[in-house]
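The carbamoyl phosphate binding site annotation in Swiss-Prot covers 51, 52, 101, 130, 133, 256, 257. Residues or ranges marked as L-aspartate binding site in Swiss-Prot (evidence: sequence analysis): 79, 163, 215.
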């Protein structure tokens with residue numbers, strides 16, 4: 001395995017290996033591991049990012065890699081160079097791994113056809129997929145609940161435009177989770193792997209073991225999709241009162257960025273969610289992905305995991 005473009009590219013053995021390596025890093029049993037010493041990793045983010053970019057950079061540097069993040073605003077793309085030509089030039093410099101985020105669906109898969117002798121990671125492409133975030137959520141749920149099979153997982157928010165929802169549905173349904181979607185009719189879509197679609201928040205969370213909230217993707221939403229953010233929050237914001245209808249041990253998740261007061265209240269986000277645990281898990285998962293793509297289950301013998 002030398003690319004991570006979408007969830008379907010992962011075998012069960014890949015996922016299990018990534019989980020096991022993640023747990024080693026998460027529990028700090030490999031904090032001095034410099035397995036990527038001498039490797040060059042290039043981050044190409046054509047779309048804004050806080051958590052994904054920062055956690056990849058931290059993972060890369062923690063593992064000893066030479067980490068380079070191209071500033072798109074000062075790159076030759078602003079002089080008319082195409083994205084493909086940019087990739088071809090970066091590839092000619094012989095990096096070991098390129099991590100790409102783009103606002104265009106399927107662009108990363110297209111780019112991978114032009115790249116040789118280099119690993120590629122999709123860090124999110126349009127509304128297509130965000131496989132590393134799905135792996136973070138999978139590892140977080142498995143860490144807290146031990147098993148995915150037969151869990152009731154409700155995903156609430158802007159499903160229509162969400163690459164996180166698509167990747168999570170594809171991954172979690174493979175392991176026997178019962179996936180429900182909660183959204184206004186204009187932001188819902190029927191995806192393979194989904195058991196139920198609800199348009200009422202309370203109905204959708206009553207039996208949930210996990211509630212995964214998503215922001216409104218205002219950069220992709222047209223004005224006619226929802227009347228207003230205020231109307232959306234009135235019907236779909238998860239607050240303490242609405243949360244009381246869910247199971248007492250329900251896990252509240254959010255991939256970020258959160259828009260508090262819209263899809264989640266301040267109290268629920270800050271006191272009842274595992275959002276920051278997901279962020280912490282994100283560094284460990286991305287370390288594990290870098291490790292696995294470049295070395296598989298093998299370890300640098302001087303820095304055993």
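Even glycines carry a Cβ here, placed using N, Cα and C.
Since we're looking at a predicted model, the values are computed, not measured.
Mapped onto this structure are the features recorded in Swiss-Prot.
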residue : record                           : contacts (Cβ under 8 Å, 6+ apart)
51      : carbamoyl phosphate binding site : 255, 256, 257, 279, 282
52      : carbamoyl phosphate binding site : 45, 101, 123, 124, 132, 133, 282
79      : L-aspartate binding site         : none
130     : carbamoyl phosphate binding site : 122, 123, 124, 163, 164, 166, 167, 255
215     : L-aspartate binding site         : 157, 158, 254, 257, 258, 259, 262, 263
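Listed in chain order, the extra residues whose Cβ falls within 8 Å of the Cβ center of the carbamoyl phosphate site residues 51, 52, 101, 130, 133, 256, 257 are 49, 50, 123, 124, 164, 255.
Compared over the binding-site residues 256, 257, the count of CB atoms lying within 10 A of a residue's CB peaks at 256.
DSSP classifies residue 133 (carbamoyl phosphate binding site) as helix under the three-state reduction. In this entry, carbamoyl phosphate is bound by 51, 52, 101, 130, 133, 256, 257, whose most widely separated C-alpha atoms sit 16 angstrom apart.
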